[in-house]
Amino acid sequence: DTPTSPGTPPVTCGGWCSGLSAYTGCWSACVNVAISTIIWGSYCTELVATFTWKSYITLQLLVLIFCALMHNRPPDIVLLSATVLFRWMGIINEEEAWSGFQSNSVLAIGVLFVVARSLEEAGTVESLVQLLLGNSSNLSCAVLRLCLPLIFISGFINDTPTVAMMLPLVGRWAQRLGQPASKFMIPLSFSALLGGTCTLIGTSTNLVLQGLVDKDIHNGMNPGFQLEFFTMTPVAAPVALISVFYMVLVAPCLLPDRSGETPRIEEEQRQYLIECIVQRNFGKQTITDMGLRNITGATLHAVKRSQGPNQHRAVQPAEGPLTQRSQSMPAGLTPSVSMPSTDIQGTETLRVGDIVCFSCTADTVPTIRKLEGFMAIPRSPLSYLLGGQRRRRCLVEVVLAGCCPLVGQSVENADSISLYGAAIFALKPRHPVSNRSTEAAAFDIPGDMLQQGDTLLLEVFPGFAETHCNSPDFILTRQIAHSAPPRNDQLKDKIRRVAAGTVLVAMCASVATRTASLLTASTTAALVLVAMQCITLEQAFQCIQGRIILAIIAAYGLGQALDKTGIAQKVAELLVLLGGRLGSIGLLFLVYTATALLSNVVSNQATVIILYPIVKSVRVDGVSLKQFVIILIIGASSAFMTPTGYQTNLMVWKPGGYSFTDFAKFGAPLTLIVGVTAAVLCYCII
């Protein structure tokens, strides 16, 4: 259940990836056979006297688990299968197999998904980030302005939804700066990973470790510390800042320029004409500064100038959707001059009342609707009859069949409300839209009467697509993802945005001051945010990523098996032996290296669950379990060398147009820098 992004550039697909997959398949099969031979050879010769047959079975299953995860098999299914096998073979008992279900930290992870999604829908994070990003002509300064606020935000909001929120923002920001997005996407992912290590709630890995430490305390084992909200901050924060310094220096020269490899959307596919009224003064910002010409999937087709109050000089070719919908426009403002896209230089400024027209795909319409300072004009004046409940509405694309009751009705007065509880938001022209120099082409639309085969975008309530997917009225029915109407233009939206941020601050403060447990505080915050109508109750349950939580729970059984069979103890003895030669800092760096390498192959939650039983068995003078745990936190979030190491890497892989080796070239030095810095700071500070 790993997020992916559409629009794969040529550099990441095709025969190269197939060859790499075949190569890694052969390599992992050879490694599996070699390690299995060593394991069962050791069993036959009784090389390790303390190991039983259960120990060797566990080692063999561990190898198979790693191989399956390296081949991108679903982590939840792989780990759950392993736990079931451990249970049936008697390696772990019933309570040990399912101990993850008893962890408050695991439950808190699910609730924090709701909190993060609520803040996303309220626009709290987006407003903060847009304020901090600003404009910078220098690429290094731009990377710095991206990384610093992102590290701070990721410390309080889970890194995965943070990157999901930031992806479109950073893409538009890069276009506005005239820089390739590939210079920012990897720093975006890595900053979120590093920021997540700075507080307890930054990433689910920290919460998993907290659950393991609390379980030891509950069972009478005294680890000598408790993992609290800012326990890791004295080490993780300086590590993150040093990493930002590396990215600022190296990103301009080491990250590729993939600006010329972004897949181009053909003009014939950009069929919808969406008109937006400028609602606020942008000052001296030009069209280029606002990034209106660089929206992926859209073309700025025309600009219609407003002459101001009581200036009615409408040009004839520009009539149609605008003059017929005068009730949708601000009072006293009438557009007069149409400027086709061929005449737009990008240096023009916009003023209140101007109308911009975009030619775009259906999937880009939600992006156009959410442009700050613009209001999209629906095709039907009946949209207001939909009433409130904006957060429950969405867009659905339909193709009219011949028997549809809307056929033969005018676009502006079609009785879609009483028939379907829907309003017509946009429709495709019947002829391809092109950037001809004629003004008539700028607002080419269908005739007044709807016909069979017309393609419409309807604004509807949930359930429309399912109800009408087999209806004879429509040839095609498709719901547009993330197409809820924007909620940023009304006073209550702005109040909600600030209130949502206040709820987050209160939640973090209550956990940091031990006023409430994380589960209690996050559940309270989630309930308050739902009550504030940041998201609906249905959205709250949908955003809980059950498969990620299941993978975490299933990994507990693997950790218990390593502990009970003596494998963790034996590996700990080996670490102690090496630590005696490397010294305390060398031992900490060794643990970090093992953790970081493992997190590039398996999930970071599984990594800490596997390694925690090992490090808690290590007894070396001068090194405490607290130091090892902080090293595990930082190492598990150091999946810098592969795009498959963590969800956020996958999310930026395709939008950035990266190759597999781009992550290795940029991430390997960063892994070394983070490891050395973390080991030294852990030894000196903790």
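Positions of Cβ are set from backbone N, Cα and C atoms, glycine also.
Residue ranges 518-538, 539-559 are listed, and TrEMBL annotates 539-559 among them as transmembrane segment.
In TrEMBL, the annotation transmembrane segment applies to 188-209, one of the ranges 188-209, 408-429, 562-583. Checking TrEMBL for transmembrane segment across the ranges 107-126, 587-606, 627-646 points to 627-646. For the transmembrane segment (229-255), the partner stretch with the highest count of Cβ pairs under 8 angstroms, out of 142-167, 539-559, 666-685, is 666-685.
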